[in-house]
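Here the structure comes first, spelled out in structure tokens, and everything after it is commentary.
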Amino acid sequence: MGKSEKRVATHGVRCFAKIKMFLLALTCAYVSKSLSGTYMNSMLTQIERQFGIPTSIVGLINGSFEIGNLLLIIFVSYFGTKLHRPIMIGVGCAVMGLGCFLISLPHFLMGQYEYETILPTSNVSSNSFFCVENRSQTLNPTQDPSECVKEMKSLMWIYVLVGNIIRGIGETPIMPLGISYIEDFAKSENSPLYIGILETGMTIGPLIGLLLASSCANIYVDIESVNTDDLTITPTDTRWVGAWWIGFLVCAGVNILTSFPFFFFPKTLPKEGLQENVDGTENAKEKKHRKKAKEEKRGITKDFFVFMKSLSCNPIYMLFILISVLQFNAFINSFTFMPKYLEQQYGKSTAEVVFLMGLYMLPPICLGYLIGGLIMKKFKVTVKKAAHLAFWLCLSEYLLSFLSYVMTCDNFPVAGLTTSYEGVQHQLYVENKVLADCNTRCNCSTNTWDPVCGDNGLAYMSACLAGCEKSVGTGTNMVFQNCSCIQSSGNSSAVLGLCNKGPDCANKLQYFLIIAIFGCFIYSLAGIPGYMVLLRCIKSEEKSLGVGLHAFCIRILAGIPAPIYFGALIDRTCLHWGTLKCGEPGACRMYDINSFRRLYLGLPAALRGASFVPAFFILRLTRTFQFPGDIESSKTDHAEMKLTLKESECTEVLRSKVTED
């Protein structure tokens, strides 16, 4: 009876002692971590507007995730294989959930969001925001500039920064320990497919994250305490802030839920393809595998500097790190600021932009990773062939990406900012051009951003600068009339918001996204072959440390600095800054889209172009380089084949004896 109960209990635990069960749990962890990461990137614009901070600070917040990751990556990669890897991954998922909760906390600690406007906050009629002659200017941002320093909410973005650091700390063990766990206990021929499934999970997470971000961006940030009918802004307005905090609460819950299964997995698994006896005892092959794994783990603590020297002297490994740093600099810059670029370039809201990104870009990425893994498994592609496959696929996608330079739109036509009051475009913003003969008598503020669109198709920075004298309606339906600067036949009225860019610009957005579909598919198709070059160019005992060192270099040389320097460069293309209560600049309201486009498309293209130089040298080195991964793979396959032959011989002997009896 006791043995029976023990066997049932053992079976209950042993259901987790399978590599495929671990793969399922790890895929869920990949989904949850990529979900929260994508949601964070999608909400950066909303966070920028909520706290009134420049893009360079937003870049610091984004890079803080990598700072947290950097704090533990070498420690985890070095000691991770000695410790209980599944439990460490589970703890990491729970810590990520804690970080997401901390990010959402400022919403509950600070007051309501107050967007920049010259319109009255109530329905009471007021002439203070109209064009009125012989009036002293009463639209100063505040009487006491020290209010900005005194206000607690002006530094609330630090909570987001710290929360993102904690999220980065939690994410640290998932990839290096998860990949090394699979590499240790999966068949070598199945490893590319399993990694392809993980990469697919990393595209499902962003898909869910972008859909969640799209939904939250359409909800006003203070939905629980503000009557949205009184708002004078819409989701397409650059002052609009969506309910960014809701999604982080969802991400916190998902990350904590995905942590539970990892606490039930054993420290080691039977090597895939090696069978256990029915009573749960290990066969000789499995004992040998476990003994070898233990020896490798003891060795990694003794020979840390030996392994570091070996990795540093591995030319393909070092060149691969250089390629990854350049490619990730380009990728992080492109992906982090893509919502901002599409909003400014094509005049779309954040909700529309992130929805289109999820709809057009992520399915081909998911498909590409899956097909790439299947190709590697089906045709048993060698490392040398994988290197060539990855190189030529990346090069073809790189050349295709240059078509994006054609899919461009002009700046929003804003009088005194991008065009003259007669509608003639000019390149540079000069402050005294904000005023014209039609509004100099109005004594308007030249700093406030509360744009209106005139019947003449030209936008103005405020109703006062448009020379408007009265209004009808309330909220977003407000219409301004008798606007002296609007010279259209028979009418001189304006409505709230910037003017639309027109159908031609919308068509170019569709073409841009179609190019992105093919580009994402081709690039992701090269992902698995490229990653297998990294895994197979290092010895098995160096694998965990090698993967961790690779991730460390990417984070310190790309993940942390890239969004910071790119954000600072984007700030230099700003045409008009928002104004805080103290009169200091807040978030940027409008960019010079031509300069922004050259920066957004040009810098990543230059970085990616440079990455093909070390990639070419890798192709040259593969001709003579002896890949440890291929040697170990062939040995494992040979051993498994011999084991299968012996099992077949034993089976035949038993059958013959049964026949004789």
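From the backbone N, Cα and C atoms, a Cβ is placed for every residue, glycine too.
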*What is the disulfide partner of CYS444 among CYS438, CYS453, CYS464, as given in Swiss-Prot?*
CYS464
*asked:* By the record in Swiss-Prot, which of ASN62, ASN482 is the one labelled N-linked glycosylation site?
replied: ASN482
_Cβ pairs under 8 Å between the transmembrane segment (513-535) and the transmembrane segment (87-111), at least three_ = no
*Please check if the transmembrane segment (203-223) comes into contact with the transmembrane segment (242-266), where contact means 3 or more CB pairs closer than 8 Å and the residues in each pair are separated by 6 or more positions.*
yes
*Looking at the recorded positions CYS444, CYS453, ASN482, CYS485, ASN491, which ones sit with their CA no more than 10 Å from the CA of CYS438 (disulfide bond)?*
CYS485
*Distance check against ASN482 (N-linked glycosylation site) for the recorded positions CYS453, CYS464, CYS468, ASN491, keeping those with Cα within 10 Å*: CYS468, ASN491
*asked:* Restricting to the domain 'Kazal-like' (432-487), what is the model's mean pLDDT?
replied: 83
*asked:* Out of 60-80, 311-332, 605-622, what stretch is closest in contact terms to the transmembrane segment (381-404), meaning most Cβ pairs under 8 angstroms?
replied: 605-622
*Would you mind checking how many other C-beta atoms are within 10 angstroms of the C-beta on CYS468 (disulfide bond)?*
28
